Amino acid sequence: MIGNRVINLLIVATLALAGQTVLALELGQDCVNPVGEAGKCVLFRECQPLVDIYNKPVNTPDDTQFLTESRCGLYERKTLVCCAGVRSKGKTSLPESPNCGVQLTDRVIGGQPTKIDEFPWTALIEYEKPNGRFGFHCGGSVINERYILTAAHCITSIPRGWKVHRVRLGEWDLSSTTDQEDDFYADAPIDLDIEKIIVHPGYNLQDKSHHNDIALIRFNREINYSSTISAICLPLSNSLRNRKHAGLSSYAAGWGKTETASASQKKLKVELTVVDVKDCSPAYQRNGISLDSTQMCAGGIRGKDTCSGDSGGPLMRQMSGSWYLIGVVSFGPQKCGAPGVPGVYTNVAEYVDWIKDNIY
C-alpha cells in the first residue's frame with residue numbers, strides 16, 4: 001500500500017494538471033463544485049466520492065477535469081476539495097455529484113448491449129396480471145436509496161386487471177439467474193416491494209400530449225449500493241437545470257423492444273441526439289399533440305430510438321464525470337425508430353422541485 005505522503009503527492013500532481021488557479025478557501029468552508037452544487041471544502045481523503053473517482057482503473061478526461069476543478073484550497077500542504085452531496089438528517093435526500101451517476105467503467109459505445117455494470121441505476125417495473133402471471137413492461141431510474149423515477153403512464157395507463165407489483169434492481173440478463181460477463185459475476189438482482197407510488201397530479205390519462213408524465217415509486221426499505229445498483233444524478237442546481245442539451249449526444253438504456261419487435265433479454269443502450277422541442281413539435285402537431293417546455297425530444301434516426309418496453313426509463317448525459325438523468329421515456333411515433341420523428345421525453349429539470357417535495 002502506498003504511503004499517505006506519496007498518495008497526497010500523486011493527488012496534488014493529478015489535480016494540478018489543468019494549471020488553473022485554486023480557490024483559497026479554508027478547511028470546512030462552504031463551496032460550490034464544478035457542476036454548481038453546494039458542498040464543503042474538505043481534505044481530499046475525506047471525500048470518498050472523489051477518492052472513488054481517483055481510484056478508478058482508468059480516468060476519463062471528464063474524471064480528470066472534475067478532480068482538477070474540485071480543488072478549493074490547501075491545508076498544511078494537503079489538497080482540499082469541494083465535496084458535495086452530504087446527506088441531510090431526518091429526510092431522504094437526493095445525492096449530488098460525485099455521489100451519484102458513477103459507474104466503474106466508461107465503455108459506452110452506442111447501439112450495443114450494455115456491459116454488465118453499465119448504467120447501474122436502471123430499474124425494471126414488474127406487473128401482476130389477472131392470469132397469475134408476471135412481467136416486466138416499464139423501466140425507471142434509481143435516484144436514491146428509497147426511490148425510482150419513472151413515467152406516470154407506467155402506473156395509470158396499464159391494461160385492465162394489471163397491478164404494479166415490484167421493482168427489480170441490479171438486473172442485466174433476464175434469461176439468466178446469475179449474471180456473468182467474462183470473469184465477473186454480479187450479485188443477484190433484488191426485487192423490492194413497493195411502499196408508495198406518487199403520480200404527478202397534473203398527469204391526465206386522456207391527454208394524448210402526455211404532459212407531466214412522471215411518477216415516483218418508493219421502496220419499502222432502503223437499498224445498499226453495489227457495482228450493479230446505484231443512483232443516477234438529477235440536475236439539482238440552477239446551472240444544471242438551465243443547461244441546454246439540444247444537438248448533444250445522450251443515451252437511453254433498457255430492455256425494450258428492438259427493431260425486430262421482440263423484447264431484449266439483455267439490457268441495451270442506444271446513443272441519441274437531443275432535439276430542441278420546438279424542432280420536433282411539428283412532427284406531432286399533425287396528430288393533435290402539443291409539446292411544451294416540460295418535454296424534450298431525442299432520436300429520429302432510423303432504427304435508433306427507445307421503444308414501448310423502455311417506457312419510464314432514462315435518457316441520460318454524462319457531464320463533469322457523472323451521469324445525469326435529463327429525461328424520462330414518455331412516448332414516440334407509432335412505428336418505433338421511424339426516421340425524422342424523435343421520441344418524446346419528460347424534461348426532468350422541470351420537475352426537480354416536485355421530486356424534492358415528494359420524497360421523504
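Cβ coordinates come from backbone N, Cα and C, glycine included.
Of all Cβ atoms in the protein chains displayed, 22 besides its own lie within 10 Å of the Cβ of H153 (active site, charge relay system). In the three-state DSSP reading, H153 (active site, charge relay system) counts as helix. What Swiss-Prot lists as active site, charge relay system is H153 (among others), and the listing cites sequence analysis.
The annotation active site, charge relay system is assigned in Swiss-Prot to D213 (among others). Secondary structure at D213 (active site, charge relay system), taken from DSSP and collapsed to helix, strand or coil, is coil. Taking Cβ-Cβ distances under 8 Å and a sequence gap of 6 or more within the same chain, the neighbours of D213 (active site, charge relay system) are A151, A152, H153, H200, Y203, V328, S330, F331, T346.
The active site, charge relay system annotation in Swiss-Prot covers S311 (among others). Counting Cβ atoms from all protein chains shown, S311 (active site, charge relay system) has 25 others lying within 10 Å of its own Cβ.
Taken from Swiss-Prot, the feature disulfide bond covers C31-C82 (among others). Secondary structure from DSSP puts C31 (disulfide bond) in a beta strand.
In three-state terms derived from DSSP, C41 (disulfide bond) belongs to an extended strand segment. The disulfide bond annotation in Swiss-Prot covers C41-C72 (among others), and the record cites sequence analysis as its basis.
The DSSP secondary structure for C83 (disulfide bond) is strand. Summarising the annotation, Swiss-Prot assigns disulfide bond to C47-C83 (among others).
Reduced to three states, the DSSP call for C138 (disulfide bond) is strand. The disulfide bond feature in Swiss-Prot is assigned to C138-C154 (among others); the stated evidence is sequence analysis.
In sequence order, V274, V275, D276, V277, D279, C280, L291, P342, G343, V344, Y345 are the residues of the chain that are 6 or more apart from C297 (disulfide bond) and have a CB within less than 8 Å of its CB. Under the heading disulfide bond, Swiss-Prot lists C280-C297 (among others), citing sequence analysis as support.
What Swiss-Prot lists as disulfide bond is C307-C336 (among others), and the listing cites sequence analysis.
Under the heading domain 'Clip', Swiss-Prot lists 30-83.
The average pLDDT the prediction assigns to the domain 'Peptidase S1' (108-360) is 88. Annotation source Swiss-Prot lists domain 'Peptidase S1' at 108-360, citing sequence analysis.
When secondary structure is read from DSSP and collapsed to three states, N224 (N-linked glycosylation site) falls in the coil class. Under the heading N-linked glycosylation site, Swiss-Prot lists N224, citing sequence analysis as support.
For 1-24, the entry in Swiss-Prot reads signal peptide, with the evidence type sequence analysis.
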Recorded positions clustered about C72 (disulfide bond) [Cα within 10 Å; pool: C47, N224, S311]: none
Winner by Cβ contact number (other Cβ atoms within 10 Å) across the disulfide-bonded residues C41, C82: C82
Spatial separation of C47 (disulfide bond) from C82 (disulfide bond) - C-alpha basis, Å: 8
Listed recorded positions among C138, C154, N224, S311 whose Cα sits within 10 Å of C83 (disulfide bond): none
